[in-house]
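Participant: Take this structure, written in structure tokens, and hold onto it; I'll ask about it next.
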Ligand SMILES: Nc1ncnc2c1ncn2[C@@H]1O[C@H](COP(=O)(O)OP(=O)(O)OP(=O)(O)O)[C@@H](O)[C@H]1O
């Protein structure tokens, strides 16, 4: 037993020892591998150090240090072999370099100044030469065939850092001037802007270039305010980055290449320091700018600014006034700097460029300059982009898209807001077809500023992109609300479609649903402050709807463009910052207040007929000043509209809502389409709605289906009675309904008689009663035996009351009692009353103790809202009576009363 146990222990021990031996072997192998790797690493590191320092540049001290390295012999022999081989091949080097520079530095970028200095460049600036010549160098051997050009990359490619040597300021200036003149002379004027800052001076920097300083090509900065320049550059970078990113590009170079347009100039910022390090904050900002600058087409030339930049920087270190070493050629080679350009010639050349730029920017540009050569070619899937004006001859774009979904436009009266809107609408309409862009235009101002965009009497054309044009709506705030409701509904429809297709934005929806009709919608509301003009339900609903649309419209391609004379005064707006914040695109006309950020005063200084366009919520760095061409004077916009209309005249015409005109019943589609049917509706007027709808009342055989017209405004009352009767008449077959009319108001008799004839002409029985009571009695007593539906058209019931109340001797019930019976029981027997009472109290008198239930629908004219509460289930009724409008309520269908427009009667009254 003991033996077996011992045996087992021995077996285990032996096994363990074997394992240990294996582990030791593996560890040994790993240690060896590691040692070898470390040796290799040390060798490579040494190699790197030697290469960096230069095998020939070495000091004896360093040489001694390197020699101590175990791998030094091996490394030196490898490097010498490579170097030897390189220099053997190098016979072809200078020539190759000459060819390289010639290919990458064409024209003024690399040619001698005699070939170009003084001539204005013609390169349109879609791409830039890769290299710019600064001098030459000579490879070992010193014979002429070994001389080659030295050039540095600049625009889009790299920054440049120059370090001076004692007494070399002139030489440094010569390098910078040489480079700048090469760049300026390469491109057409305006393609490059130079920013100059010198810590030591304001006025004497590169004086030969001064003729350019009266143009945008050259800007000088205060020595004590480097941060201004850095701020400005940061602003450009942010803007270019934002617009590029939206379109899916990461660099300005890519934008230019892909779009074929030079959307932005290149910028070169020349910073002369004094060799001292910048303060911490400025250095940090400089680094930040430098790292984003190249992608935005901005390059820095830093002179004696000792800041390590973490991006591509080439260096030129001056040895003396003629010689330098450069990172382009390495420390082994000396660069012989080009001789300075003759200053008088530089001045002359700078003047020529400045003059060419001024000539090119020319006088004010016209509306036609905003239009593309071919119409309707752009896609709005990602954004809407259109120039609206010019800054120094260059077009300035407005972009409406995901990053700037909504627009706020402000400017005092006469500052050119409407003109701006026309310029922008024209520029967009010319670029995008009506399938890409749909416009809903609403103007709360008195006047007809958008009227021309809808077909009119004088001009039958319309802007094909316009779906709705609302004019003279200053008193019809409800129309603004209707537009907002419509947009909110469209938003819901789009969200549902997006959900169905499992996408989150318009671009993707359009991709997933190519057959769908998903234009970008731009809703322009001029003088939108009217929406908030009262402390009432309209303001509350408008605010809520605007917030909703502003928040969610961005991803569904629904954009708001809100314009106002005085944004500052819109209390409801400031109380609800959500809408304001979503309007990231701000347009400030000259002297506009509060449209831009509080500290941004650009609008104050903006000249006449200019606008400050800011896609960054109004912060100063986003300012773009633009001269807006005249788009609103006679025939300017119209010409474009005609062209567009001819292309799309088969498309739908826009709905025109003109608050100054009441609709005509005989031309109103909802009326002309009426035919006999089983559910006749009395049309009372036009709904204030985005679609051209009538508001109607169904008169089924049910209690309460009577209509009361309330108030003393006779024209409107007559109109409502008239359209109700005539519309009902059309919905019955000949003789299938009987109209019974009564009118104790003398002045209204002609209108009533005319209606009587019209009803008869429709083939119906119609009677105008002299006395109301007998017929009321007859009808109420025979209710259950009546065979034809009847409509009682009772004008001025209040005037009939004395006669109705009178009782004949010995008779128990008065005519009024019978009328009450008819109001209560008539509808159940197809006898409906449409009555006009000139005051609410007289209606109450008529109804007596029976309560208000028998009046299921009403249209109120000049009566106060609080009087109407009993007829609207006790709810608070807001109503400020106004001519040509009525407040309409149908207990069976309405949650709240709505404003309607009674039809225009042919005699001219409402
Ligand atoms: N860029 C422009 N160039 C030439 N004329 C212009 C320009 N902008 C506006 N105008 C003219 O100035 C006048 C006022 O312009 P506009 O109606 O656009 O201003 P507004 O700010 O909308 O003023 P309001 O709110 O009072 O209508 C118009 O007669 C218009 O033709």
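Even glycines carry a Cβ here, placed using N, Cα and C.
Sharing the features that TrEMBL gives for it:
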type	residues	note
BINDING	411, 412, 413, 414, 415, 416, 417, 418	ATP binding site
COILED	2-47	coiled coil
DOMAIN	393-598	domain 'FtsK'
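Distances, neighbours, how buried they are, the whole picture for these features please.
Facilitator: In sequence order, 409, 410, 411, 526, 563, 565, 589 are the residues near residue 417 (ATP binding site), counting only same-chain partners six or more apart with C-beta under 8 A.
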Participant: I'd like to know which of the binding-site residues listed (411, 412, 413, 414) lie near ligand 1, counting only a CB under 6 Å away.
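Facilitator: Going through 411, 412, 413, 414 in sequence order, those close to ligand 1 turn out to be 411, 413, 414.
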Participant: Run through the Cβ atoms and count how many others sit within 10 Å of the one on residue 411 (ATP binding site).
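Facilitator: Excluding its own Cβ, the number within 10 Å is 27.
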Participant: From the centroid of the CB atoms of 411, 412, 413, 414, 415, 416, 417, 418, the recorded ATP site, which same-chain residues not already listed sit within 8 A by their CB, in sequence order?
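Facilitator: The answer, listed by sequence position, is 419, 565, 589.
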Participant: These are the binding-site residues: 412, 414, 416. Which one scores highest on other Cβ atoms within 10 Å?
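Facilitator: Result of the Cβ crowding comparison: 416.
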Participant: Across all chains shown, how many C-beta atoms besides its own are within 10 angstroms of the C-beta of residue 413 (ATP binding site)?
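Facilitator: Counting Cβ neighbours of residue 413 (ATP binding site) within 10 Å gives 10.
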Participant: Name the secondary structure element type, per DSSP in three states, that contains residue 411 (ATP binding site).
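Facilitator: Reduced to three states, the DSSP call for residue 411 (ATP binding site) is coil.
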Participant: Can you see whether DSSP assigns residue 417 (ATP binding site) to helix, strand or coil?
Facilitator: helix
